[in-house]
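Student: Below is one structure. I have some questions about it.
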C-alpha cells in the first residue's frame, strides 16, 4: 500500500490495541476501536442526535444527563450491532459516567443558546455551523492519525512543521471542547481570561510564535505538499498536514466569531453596552483579519491561504500517477477542492458580518409632558443619558456613545429631538439612569425626528405587580400618548408584561384596548396567555380566554401550548381555567410529541391527578420516541407521580418506546432500585419484556449498565427469566462474565444458573471470560467446575481464545490447570500460534517446555509460531523460537517468511540475527520478492548496504523467481533491485546503486525513472550523473513518460533537450504514446512544444487518426476544436478507412457523434467500397446506424467553412474528392464577381450557417465531372440521345441513392420518373442550371428557407455561361458525382422552393 493510501484509507490494528490489558483506553479510543468492529459507537455524534431528539424532554435537571446517556447507550445496544465479539473485547463496556458528563456538557451548551435571544447571534452561529459542519468531522478524523504521521516523518525536514500544526490543532480541540461544557458564569469567565484561549487563537493567524499561519505558509511556499511520485510519502503527509491545518484555521475563525458574538450578546442582554461595544469591535476585526488571510484583500488573492491551498490541490490532482491509486484518493481531492472553494466563496461573498454604520448621537432632550416626578424610574435629581444604535435583525451594530447627562427636575418622559437619519435606517434608543442597567426605550423610524420616551415606562408599569400603582401609572401614561403595542426585548409588549406580573387591573385595560392583538406572539412565539400560564396567573388566563385568546397557540421552537407550560409548573388553578375553554386540546403535542400530561409529570402528582380526572386525556400518549407519561415518571424516579398514574385503569404499565423498552427497562438502566422493586411487585408488569432488535430484558440492561444492586434484586425474583437468550444467544450470565461483574456471577452460580450455557456460536461463559480483561472471573469459573475443554462452533477452546486475544493472565491460569494446549480449531490454530502472534513469551515458553516439537506446528495457512511472531514484529519471541530450533526459513501459503517481515520494517538487527542463524537470503514470497527487494522498495538503505558490503548474496545471480517480469532474458538480482528502487521512488537507494556502485546501465535507469514518473530521480540522473535524455532502448525517456502520463517529467525532459518527434516504437513519437493512453494534458503540452501533427506512424496514422483509433474522445475533440488547421478530418489510411470508419469499428457512438457533428464526410468509402454507415449496418450496431441515418439528412455544420476560411484552403471539404488542384483559383473571378450585389444576401442571418463556398464549388464540380474536360460552349452539341438518356438515368440513380439514406422518407414524396424526365429535358436542352433546381425542388418536403431567399441564392449560384456534352462516366467519376450529390442535397435540404423554380 502506498503512502497516500495509508493516509487516506487510514486503518489501525484494533485487536493489537485491545490486547493491552494494563492500558485504560479513553472513551474516544474505545469508540474508535469498536467502530472498527462495526459497533458504530460514535459518542459525540450520538449525543448530538439524542439532544436533538429530546430537547423538550419533561424530566428534572439532575436526571437529564443520566437519561440522555442512557438513551445513548440504548441507541448503541439497540442498533443490533452488539455481537459476542464486541462484548468480549470490552466494546460493550461503555463508560457510562463519561457519557453522562458529555451529555450534561451538551445540555449546558444548549441552555446558554436558549438564553441568547439574539437574531444577530443566531445568524453568526448559523454561518459558523454551516461551514464547520463540513469542516469539523473530517478535520477531527485527520487529527486522530497525526501520532502515526509524526512517527513516520521523524527526523525529516517537515517534522517540526507538521508537529506545530498537530500541537495547535490538539490544543484548540481540547480547549474548545472543555469550555463548551461549562455553565454560564464559568463559560463567560473562561472566555474573558486575559491572554486565555481567545487571545491565543486570535494570535494564531499571525506568522509568529506557535501560531498556525506560519507552518502552513512554509508547506505551501516550499512545495512540500506536492508529491513527485506515487511513493513520495513525505509530500503526501505534508499534504495531509496542510489540509488538516487549513481546516483548523477555518474552524478557529468561526469559533472566535461564535464566542465573541456570544459575549457581545451576553452583555447586550445585561444592558452593559460599553462592554458590548468592545466585543462588537472584536467581531468586526476578527472577521476582516481572518478574511484577509483566507481570501485576500484589495482585489488580489494571490497570497491568500485558501487560494494557495486550492492551487496545491489542483497541482496534486493533475499528477498522472494518481490514476494508479484507489479512487478514494481522487474523490478526497475533489471533495477538498469543493470544500475550500465553497468556503472561499462564502467568506469572500460577505463584506462583513457586522454593521459598519453607527448613528451619531445628536439627542437634544426636553421635558414637555406633564408627568410629575417621582414617577416609575424617574426620580428627582437623578441623571439620565441616552444612546442610539441602528436597528438590525441579522447584524450586530455598534451602540453610540452616551449623551451628556440631564438631571431630572420635576418632570418625567422627555422628548428627544434628533436629525433625520441620512442612512434612512431605523434607530434604537437606550436610556440609563446613573449607573443602573440601560433599557431599550423605543425605536425611531428613518424619517422621524422627534421621539417621546414614554412607551418603556408603560411597559415597566404593566409589569408592576402592585395593582394600584401599576394601574395608576398606566392610566397616566396612556393619557399622555403611550403606545400599548410598543415592542421591547424579544418583541414583548405591555400585554406580555402584565400577563407575567399578574396585574389584573392593568391587564383588563390593556385587553380592552388590544382585542385584535391578544394572540400576538413575541419573537419566540410566546403570546400573553403563554406568559400568564408560565407564571401561574390563573386570573389573567381566565380574562384572556373570556376575550377569545387562543388556548392552543404554540411557541416557535418547542411548539408548546399554554397548557404545556402550566402543567410543567404544576399550576392547578391555571390548568382548571385553561380546561374551561371549549377549544382546549388536552392532548396537543409539542415538537417532540410530548403532550401536556407528559409535562405534568414534572408538575407533580396533583396536576397529574387533575389530568387523569379530565375526560379525553390520553394517559398512554406516546412521544416521537415512544415515551409515555408513565415512562417519564419512572425516569424521574418519582413514585408518587407514577402511583397517581397507576390509579387510572387505562394505564399501560408495559407500554414500549421505539426500542420496545418498557418503564421497567428505564428503572433498571437508571439504577432506580426502589422504583424497580415497586414495579416488579405489580402483577401486570412483564419482567421479561425484551427490547428490539437485541432482545434484551431488564436483567440484561441491569448487568450492562453495571447496576449490581438492581441486578441482584432481579435475581431474587422468581418470575425473572435468568436464562433468557437475547440476539446471538447471549444470556445474562454471558453479559455478566464479559463485563467482569464478579458479584453478579457469584450470585448466579449460587442460585444454580448453568455455567455451560452457550451462545449461538457455542461460546460458554468461560470462553468469554478467557477473552475478557477479567482474569479473576476465569479463576472463579474454573473453581466452579466450568468445562475448560469446551469448544466454540469454530473449534476454539478457552485457552486458544485467550492466546489469540492476547490475554496473558487468563492463558497462564488455564495452562496452570493442565488444559489441552494441543487443541486445534477449524483454522488450524493452536494456543502456541496465539501466544507467538501476540508476543506472549512466558506462555510460549510454558507450552514448548511441555512439548518442544510444537514449535513446528502449522496452521491452515502454513504459518508456524515463528512466522506469526515475525509477521507481528515480536523480536524477542522470534529469538526465543529460533533458539528452540524453529525452522528459520518457514513460509506460509503467501510465501511470507521471517526474514521478509523484518526487512519490510527495516529492522537491521533482526536481519543480521536471522541471517547469522541460517536464514536463506534468496528466500522469496509468492511475488518473487526476497528480503533485499523489500529493503529496496521500502528505502531501508542500512539493510541494503549491509547486504552489499557483507556480500550476503551474489549481486549478479539470475533471479528466476521474477522471471515473468523479464520474460525475454535472464535478469539478475541487480536488475530487479535497481528497477525497484527507481519504480518506488527511493532516491537515496538509487544514488547508492547508480552513483556509488556506478551501475549506470542496469535497468536503464533514466528510462525506468521516466516510465514511473519519478521526477526527482530523473533530475538526479540528468543533472548529476549526466545521462543522455535521448537514450532509446527501445523508446526514449520522453516516450515512456508521455505514455504513462507524467506531465511533470515530460516537461522536464523537453526543457532539457529531449527530442519531441523522435521515434519511440513502430514509428510512433511521444505524442502518439500519450494519445494511446488518453493523456490529454501531455498531448496539449507536446503540441505546444512542436509535436508534428501530420507525421504518420508505421501504421499510417497521424496523431488525429491515432486519437480516434484509441477511443481518446477528449483528445480527438481537442484536435478538432483547437487544431483543425493542422489535421485533416477526412484523412484515410492505407485501407481507405476514415476516422468515422474506425469510430464505427470500435462502436464508439460518442466519437461518431463528434466526427459527424464536426463535418466529416460520411460518404467516404474504404478499400472494399463500404461507407461507415454500411459497416455499422452490416455489424448491426443499431444505435450508430440510427444516429447516422438521422444525421445524414441534416445540413452539414456551417462552421466548417469558417475553419476552411482561416488560412487553410487546402482543407476545403470539396477538395477531398476532386482532382483539380486549381478549382478554387479557376473560380476566383466568379466568387468575386458582382460582389456588391450578392454581399448583402449572402451575409444575411438566414445564410450565416450555409456552406456557400462549398456550394459554389459544387456546381463547378458537377460540370467538370460531367465533361471530364472542362467547359464546352453551347454551340458544340454533339451528344447523342442515348448518351443524354444514360446521363439522365445515372443522375437519377445517384439521386435515388442519396434519398435512400433517409430510411424514413416516404418514396411517394419524390417521383423519380418525373425527376428523370426533367433531368433528361434539362440535359437535352443544354439548360444546365435546371438540373440543380430539379434535384433541390424534389427535396421541398424537408425545406425550411423562405422561397424568395432560395430563389435568390440559386440564381446567384448557378449563373454559369457554358454547356457540356455528355459521356459515359467512369466509376471514379460516378463515385465523386454521388458525393457531390450528397453535398448538393445538403445545400438544398433546408430550402423551400418557390413555384417559379419548378421547371418543365
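Every residue number used here counts from 1 along the chain in the order it is shown.
Using N, Cα and C of the backbone, Cβ positions are placed for all residues, glycine too.
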Student: Which residue range, 17-20, 21-24, 25-28, 29-32, is the one Swiss-Prot calls region 'Furin-like endopeptidase recognition region'?
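Tutor: Of 17-20, 21-24, 25-28, 29-32, Swiss-Prot gives region 'Furin-like endopeptidase recognition region' for 17-20.
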Student: If you look at how Swiss-Prot annotates this chain, which of 1186-1189, 1190-1193, 1194-1197 comes out as region 'Furin-like endopeptidase recognition region'?
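Tutor: Of 1186-1189, 1190-1193, 1194-1197, Swiss-Prot gives region 'Furin-like endopeptidase recognition region' for 1194-1197.
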Student: When the repeat 'ANK 12' (861-890) is classified with DSSP, how many of its residues are helical, how many are strand and how many are coil?
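Tutor: Final tally across the stretch: 16 helix, 0 strand, 14 coil.
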Student: Tally the residues of the repeat 'ANK 10' (794-823) by DSSP class, grouping H, G and I as helix, E and B as strand, and everything else as coil.
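Tutor: Split into helix, strand and coil, the repeat 'ANK 10' (794-823) gives 16 helix, 0 strand, 14 coil.
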Student: Hey, which bits of the same chain come close to the repeat 'ANK 18' (1066-1095), Cβ under 8 Å, at least six residues off its ends?
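Tutor: Sequence-distant neighbours of the repeat 'ANK 18' (1066-1095): 318, 320, 1035-1036, 1038-1047, 1050-1051, 1054, 1058, 1060, 1101-1104, 1106-1107, 1110-1112, 1114-1115, 1118-1119, 1123, 1126-1127.
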Student: Over the span of the repeat 'ANK 17' (1033-1062), count residues by DSSP class, listing helix, strand and coil in order.
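Tutor: Secondary-structure composition of the repeat 'ANK 17' (1033-1062): 16 helix, 0 strand, 14 coil.
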